[in-house]
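What follows is a single structure, written as structure tokens, with notes after it.
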């Protein structure tokens, strides 16, 4: 078993170095936040302008760094805390990342803010059990959510952080860290209100308080001797005892880690480095001479300050890994290199990482048992360390399996050897006894005759034993041979001289049968000897076979475990796309079709991902999933002119085919058809008195049925193309052409035969689907409800309510398309017929145009008569009643509105009091009870004093010239009433400005004033923060001022630029599967992402990974790797293995270099992904499937026969 790492979490210096390195993330916007299902304390944050495969890792109590190894993509849904983070932090910019307290503190604070969206702080605690806390920075850092609620218990003998440090608190104090309370910074860190928040100022404060930092040698000597006196035993009896562990630690390293030394903020690693640099052993016991102590103090100040300054540099610094080579023999310590062609570098000893350090300290240099590996950055070193820990765990399992196999074989071999030896010893013993009986046959015969004659005469057994004893005392030679009589078994034991020993005193005990003669007993013993000898020979022969079989079986088990370990280590760690968590496939004309795996996913799919231009599909079969066909941005303009929202009939046909196959119809081999509706027909609102379960929806309006399709699916392999190779992407551009979309863009009717052919799949028996859609919206009908039981706990409730739809359209009068249809196209009316309401209007007004004109005129006349004194609540109620009231209730609502038109809220409340006799307490706001004690309130005040910065106070600390420039930026009012609005600046932003040099501060203030004069500045604090980040990145010398008359100067963004930025941000969110539910036009396109997936890889393509997909078999007609599946009895696990074997065999492409390359990507597909892709029980209907099944069956029989 390999030794485990000696350092598995961050210390104070690690936090200091990492916070300085992560300053490059400041100013970037958060795209999304992820959590890990297996590790509840692990979270990832993705930023907008960062690399695609780089995520910020936050593990509570453990680490904080940027990772390139990817995240766990098997998470089902975000945790409640992750959802809270997404709600408040997603879309905000990282304004600041700091280390709270001194350099030895392990608390990191990240501030996220955006104009008009609030300001939030995310605090990461990296000590003890750790914690991750989300606070509202604009509400005194009140806790909104946290991973772990806990309580600080300040006992009576613990000094209170709020009072004098020398006076202990009298009573026990309880401080709660939970939602609704202010985060207690003074308890989580050593920061106080008197110390500055920056690390440098805090370090200076530490040194100022310490004894060693003073120049008074007498004071230093007295302090050291006091520490030494405390470490000595106080009792004489204790001097003879062994020193305790705590007493052994009282050396110089322990002394400098004390808070009173003034250098405790350095941490153990830096203190040990300084001690070795000064020539003092860290284990050296106190005290030192004056010269040695002075040299040590100078080293601490000089060397410690130099290293601390290097760690606080924002430029990337090198990171270091300490490791040792695993020299143990066996396959567990061999790792494969990526280049399989290099035979010389095929394997190398595995590295066992022990520590990660931001600086190569002296104690880590020139060590024989620890080697050093340098990385480009500290974040890269930490990422490699924790990534290797996971691999070391699997390698340790592999090594333990190998050792267990060896131990098992050794034990089996030893057991077989012992058994053969015991048989051989028994055979030799039988041979010795037989020879002894044969050699002393006369005396043995006499002994048998004497005993048998006594027994035949009826002598008592006890009397016989007594006679034998007496004769033995008389030295009777026959009696001397008898050792013991076992008359119950009719045997006796004789002590005969051995024939192989020269010494007569040595004898051998022989058990004889009384019923047999001496020669008969000898023959019986020789027979036992021969039987034992034969048994030993057979056992020896079988032992070799058993050992070979055991070795073969153990080797198979080990190879299986080794294969699983290698699969776990080398499986593709690609970041899964947002749609891969659902059932999905891509149609032959490049439309994305999604389906839910269970009721929860059905709910998520409709609520979050169903857009206005999408279509919803389902089937009237139990177990059918909720499916959607995602529309394209290219077809949005033509969506209103086509009955299918611009989605091609071919895509609808394939999606309906796939929807039916994903239901119980597959198992029952039942041919049926699917149906589709528009997105606005899908609702989660249940009828009055009914309830919709999770995954159930109401369908209002006409369902459009598709033609039945055969139960045939195909399993194909899609290859993900690389983003960095434009030739690869251009080679596969327009691979899945959508002729309908191209025709719509060109405003020409599609003349492709395939399009006109697939259009017939949408036609029902009663006529075209357009006519049926119009009839469904106009003809009156009764409301029907159908509950569909779903095998996967999902159902769709169908509710056809055409009357309600007609009423809502006609009463609102906002359906312009419908009005155009009614008034402008009489030919279409004659074809489709008139509805009941239109017949009434035609009979009353003689024409529909006249009816429309009169109705609109009446509505305009009714508008002035509407009472103006309605309260806001009544307006809202009337609006709600207008949209939700049923027939007969609208008239009552109008009468009620007219009756109480002059009644305001106060009159209504008085009337309710008169009716009920007391005030209605139901609608009164509840008073908040302040449950915080005095200590928590004081701690909250200290937190506000430390973290909430007053911009006006910080501005006073700036230079006069800089303050005047900033004041001119935010000054409002006329000449006489000019006021500087310092609240337009954020305190943290002004603190960042204060940390710059005077020249940089002046340039930043001048640039902000220049922006105000040349363009309009909406948010001064955000603009100043952007200028500060630019200066830190490029320097203040490169900042240029714009001329007011310069046409190329920075101007306010136009509406087109803003819309382009918003669209780009929506596209970024769409790639993560995030859809803004409040947006009107969710015109997000999947074409760009789908264009990076191909089923026809080219030998020169840049491929990242492969992914399996299940689709209708006709959709996979152009795929290189595809297998036809039909309903059958083969389980998914077995089917996935056979399909993978068929892919890897592929006789058509066998032998080509490209096929061997593609095979490697197919091998790396995780087994679980392949199994989850296949639906239910299947039958593989492809060439060579039956032959492969027979081969696997015969191989299984052979393995059973061998065993």
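Backbone N, Cα and C atoms are what each Cβ position is placed from, and that goes for glycine too.
Feature annotation (TrEMBL): of 395-440, 441-486, 579-624, the stretch labelled coiled coil is 395-440.
Of all ranges given (316-350, 351-385, 491-525, 526-560), TrEMBL attaches the label coiled coil to 526-560. Per-class residue totals from DSSP over the domain 'NFACT protein C-terminal' (1086-1181), listed helix then strand then coil: 40 helix, 24 strand, 32 coil. The list of residues near the coiled coil (526-560) in space but at least 6 beyond its ends in sequence, with Cβ under 8 angstroms from a Cβ of it, reads 401-402, 405, 408-409, 412-413, 416-417, 419-420, 423-424, 426-427, 430-431, 434, 1202-1203.
According to DSSP, the secondary structure content of the domain 'NFACT RNA-binding' (581-701) in residues is 35 helix, 25 strand, 61 coil.
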